[in-house]
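K.L.:
The structure's right below; bear with me while I get my questions together.
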Amino acid sequence: MNNTADITVLGAGSYGTALAISLASNGHKTLIWGHEPEHIENLKRDRSNEAFLPGIPLPDLLIPEADLATALAASNNVLVVVPSHVFGLVLKQAKPLLRKDARIVWATKGLEPETGRLLQEVAREILGDEYPLAVLSGPTFAKELAAGLPTAISVAGTDEAFTNDLVELLHSPKRLRVYANDDFIGLQLGGAVKNVIAISAGMSDGIGFGANARTALITRGLVELSRLGEAIGAQPSTFMGMAGLGDLVLTCTDNQSRNRRFGLALGQGKDVDTAQAEIGQVVEGYRNTKEVYTLAKRLGVEMPITEQVYKVLYQGGTPHEAAKALLAREKKSETTDSE
């Protein structure tokens, strides 16, 4: 079947729209689908995503499409950009409509709810082994990407040809640098763990602890990410790149991050529900915390920062209690395996 579009994006939120804008601005005909027909009609009418990226026009090559079957028939390249808790649901909806030559890439950052499984496991369980899979990850704020500000990300997958094609599709000398990576596992994990650490950094700043504490959390958060990555077969070098250190620093230090702002509100004494309501969009780190905590417990990996964030979000703990618990931990060598 011939393509009538170069790529189809599933997910018309802020990040899905930003990636679609970048692709279309790079000269690629791009279809974007969302689960709410009214939202897609608004995109068609306004030629912008006023709900998530107000004031940023959609390029002519970006076509909103409300019908999932039409969107999936248009291209064999499918980019999934939905929250992690609906990732499996969207794949189940898409499966009977996928072309036989479909290739699936996602920019979803997270793990499977309740189980903490990597999204590649979810995808394989739903789709089987016939489709090439890939993941995009790295330090990206949707608003900056959509506005054409310089950005860099990484891509890894199960099929080298697909990975290389994605680099060609996404890379733009003017706006987006794309690095190929061979660590499919590591790129998936980094995008989930960094959200948890960003919440902790936000809580620390909300309490008023300052730059020293924030930097310590980022540094030890990277240790936790690396430790968990090693336990599931990721490459340590991945976490010094875009999907590890890069995404971690961005999300922990800039208030464009919903996860950081969520943590700030918690540190200032607001409860979980109020803090989430103030953000007004999905706070991925809320669910990511439970996912990462579940995975770490299953693998027997020590992750003290993650554990304390989990206690605040799910067990009624407070940010002050979390800080006390971390500071009161037994003295250890920085270079030993346990924290």
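A Cβ is built for glycine as well, from the same backbone N, Cα and C atoms used for every other residue.
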K.L.:
So Swiss-Prot lists Lys109, Gly138, Thr140, Asp247, Ser257, Arg258, Asn259 for sn-glycerol 3-phosphate; which of Lys194, Lys311, Lys324 goes with them?
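P.N.:
Swiss-Prot lists Lys109, Gly138, Thr140, Asp247, Ser257, Arg258, Asn259 binding sn-glycerol 3-phosphate, and from Lys194, Lys311, Lys324 it also lists Lys194.
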K.L.:
Can you grab the distance from Gly138 (sn-glycerol 3-phosphate binding site) over to Tyr15 (NADPH binding site)? Cα atoms, rounded to a whole Å.
P.N.:
12
K.L.:
Identify, among the binding-site residues His35, Lys109, Lys194, Arg258, the residue whose Cβ has the fewest other Cβ atoms within 10 Å in this structure.
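P.N.:
It is His35 that, of the binding-site residues His35, Lys109, Lys194, Arg258, has the fewest other Cβ atoms within 10 Å.
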K.L.:
Nearest by CA distance to Tyr15 (NADPH binding site): which of the binding-site residues is it, out of Thr140, Lys194, Asp247, Ser257, Asn259?
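P.N.:
Considering only the listed binding-site residues, the nearest one is Thr140.
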K.L.:
Who sits close to Ser14 (NADPH binding site): which same-chain residues at least 6 apart have their Cβ under 8 Å from its Cβ?
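P.N.:
Looking at Cβ-Cβ distances below 8 Å from Ser14 (NADPH binding site), excluding near sequence neighbours, one finds Asn49, Phe52, Leu53, Ala142, Lys143, Ala146, Gln281.
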